[in-house]
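K.L.:
Sharing a structure, written as structure tokens. Questions coming.
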């Protein structure tokens with residue numbers, strides 16, 4: 001049986017492809033290369049890897065280096081350049097790996113050892129040997145030297161190979177070196193020499209390049225992926241984009257540019273042209289610095305001029321306004337959150353250092369191994385016992401290509417490293433954890449834009465590398481001036497003149513009053529209410545009084561409740577000359593506007609807040625010397641002593657009121673200097689006796705010591721020196737007795753002793769013949785002395801809430817009485833002489849033990865049912881004509897009214 005050499009080669013080739021269907025095509029194309037791949041585990045793994053990668057496009061592979069499109073504003077030019085370099089290096093690595101997997105091979109031939117018999121490189125042609133010689137020759141090497149060869153078949157089936165004579169077929173005998181190796185041995189030798197002879201870098205360069213490139217790509221964008229930083233970055237980019245596109249940003253910058261530009265001032269001539277300008281130049285603002293703030297004598301005034309604005313300048317869509325307000329709040333919270341740490345800055349610096357170290361590492365070992373890539377190699381695999389040869393001469397077909405690719409890779413790495421070094425220089429050459437808006441402040445009117453720090457500052461520095469316009473427009477939302485301006489526009493849009501007019505009311509004094517509560521500012525339309533008399537502003541943090549207040553010629557009373565108002569200079573001049581009454585309620589004394597102390601025509605000043613300087617010496621009123629016409633000073637505070645600078649008011653102050661909210665007032669020596677004081681009220685001062693300093697106030701007419709802890713008033717005799725004292729209020733104390741010396745206060749006209757612990761009324765009390773008003777309600781008095789009849793000028797007598805059982809007849813000799821309050825006592829009957837009180841207009845008898853009312857009540861012609869406080873069944877017991885007389889209406893108005901004073905009951 002004859003078989004050809006090609007057939008023998010085919011039989012040798014077939015086993016290597018058995019069971020490896022996925023490499024079948026490769027087996028058919030290049031058997032030697034196939035065997036090299038099949039028996040290299042690393043190649044097998046990477047071949048599978050690249051076969052899987054082959055299902056993805058290059059764009060998808062490059063997505064490892066991709067980020068969200070919105071993050072591009074945080075990518076400076078060097079990061080973008082490094083991203084592109086990373087993509088190029090990735091392509092180079094994939095290309096190198098693909099070439100190595102498909103083309104890389106080593107071809108080896110044995111190096112024959114020279115012998116004396118065969119000193120030449122070629123053998124002479126030999127005569128063909130017998131058929132059995134073929135197998136005998138092989139036996140000389142040994143079956144173990146060729147384990148992959150088939151065993152020698154038996155003679156019965158041994159094929160015979162006939163070598164025909166060259167003369168017969170016309171071909172010469174084969175010439176060259178006979179190696180006596182078959183195909184399987186060559187495959188084996190190539191595979192062994194691929195691992196032994198080739199330097200490791202020649203085999204693994206593509207894979208190392210791929211790994212290094214992936215690491216560099218991940219390092220470049222790690223700060224976008226790390227959870228603790230990515231959330232901040234995402235939030236920042238979102239807010240920045242909204243701020244950049246916000247109509248308020250464009251409007252604020254455009255209006256700023258128009259403030260001092262003569263060209264833009266000319267555009268104010270027509271509203272239509274202005275509207276067109278705003279719509280077409282929304283992205284063009286070039287801010288100019290606005291007028292500065294003037295400071296003089298510690299008083300700050302806004303120097304803005306009163307300019308008649310065109311409505312189109314201030315109209316902002318309500319939806320846009322609400323979005324802008326939300327942005328201000330988001331920016332404020334984001335700043336507070338991000339400025340607390342520098343994690344983003346540190347992470348970016350660390351990843352840059354890692355890339356730089358990686359570059360140095362790659363460059364060092366790559367430059368070392370690049371010289372080892374060669375085409376020719378001598379291999380000594382120590383397989384002589386398998387092949388019969390010791391040395392082999394091998395060629396690496398990919399050496400030239402790998403060398404060129406490696407040089408290209410080194411060039412790319414060098415460029416990448418230079419950029420990394422530049423990045424480090426940029427990071428550390430100046431403090432990136434601080435960011436100043438100085439340039440923006442100079443170019444715009446928003447001079448209050450604060451500088452930021454830490455991660456917030458670093459993010460803004462990164463944005464500046466993309467486009468400085470972003471940070472400029474973002475700065476608008478860091479400015480309180482800008483926020484206040486937005487609030488002002490929204491406020492004016494919401495609170496129109498008609499809406500404000502609906503909130504105007506009339507108070508009990510029949511004055512027009514407007515109370516604004518918890519607004520973002522003072523609407524401009526308020527100043528158009530020219531007939532307004534009282535304006536109350538409460539909890540308005542950014543209250544600003546503009547020059548338009550000069551239109552409110554009827555304004556007399558102004559209230560600021562927790563409202564540190566600012567005034568323009570023109571507005572201050574108007575208030576200084578026209579304001580008569582001012583109320584200021586505050587938590588900190590610093591909330592009192594400085595200009596308050598300069599209102600020279602102010603008549604009444606009411607201050608409510610903390611003025612106790614015991615624990616803080618900085619707390620206190622400023623000099624009141626400029627309040628030259630102040631007549632009434634009302635202090636509701638927690639003082640331990642009367643402020644000394646109140647004495648600045650001594651020449652003209654007539655009334656001083658101190659409501660101390662339960663804090664004990666210890667020092668009152670300053671009172672001695674208030675010689676012109678006519679009225680003094682000391683409420684809730686925890687006084688236990690009447691202060692001696694009061695007895696020096698020769699012009700005092702009214703003294704009110706309500707709600708103290710006074711138990712005895714023996715000092716009342718000293719009041720005889722106060723010739724002008726007509727009203728003494730000692731109510732809501734703990735007074736047990738009235739001293740007999742009360743008779744020395746001859747000029748007393750009103751005496752309030754209600755809500756004490758009195759059990760009796762001394763007879764000397766009724767020697768005060770000028771007494772017109774006597775209130776002893778809510779005590780424990782049992783008997784009304786008959787001497788009460790001496791008080792012929794008595795108009796008001798209240799003894800409600802005591803234990804009186806009977807009314808003396810002498811009481812009804814006080815024929816001028818208009819008000820009698822006997823409610824909640826133990827009175828069983830009312831004398832008929834009550835009919836003598838012809839001027840009686842108010843009578844309270846409710847809460848007693850009465851079973852009827854005297855018919856003589858009909859003689860009190862001025863008494864009406866609404867002013868007769870009594871049970872219904874008692875009123876029904878009156879005769880019909882009396883009831884009709886009391887029930888009739890009258891148009892007469894009484895000076896004293898028809899009810900008991902609530903304070904005296």
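Using N, Cα and C of the backbone, Cβ positions are placed for all residues, glycine too.
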K.L.:
Do you know which of 204-224, 225-245, 246-266 TrEMBL annotates as transmembrane segment?
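P.N.:
Comparing 204-224, 225-245, 246-266 with TrEMBL, transmembrane segment matches 204-224.
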K.L.:
Of the ranges 406-428, 429-451, 452-474, which one does TrEMBL flag as transmembrane segment?
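P.N.:
Of 406-428, 429-451, 452-474, TrEMBL gives transmembrane segment for 406-428.
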K.L.:
For the feature transmembrane segment as recorded in TrEMBL, pick the matching range from 2-22, 23-43, 44-64.
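P.N.:
Comparing 2-22, 23-43, 44-64 with TrEMBL, transmembrane segment matches 44-64.
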K.L.:
Limited to the domain 'LRRC8 pannexin-like TM region' (55-424), I'd like the whole-number average of pLDDT.
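P.N.:
Residues in the domain 'LRRC8 pannexin-like TM region' (55-424) carry a mean pLDDT of 68 in this prediction.
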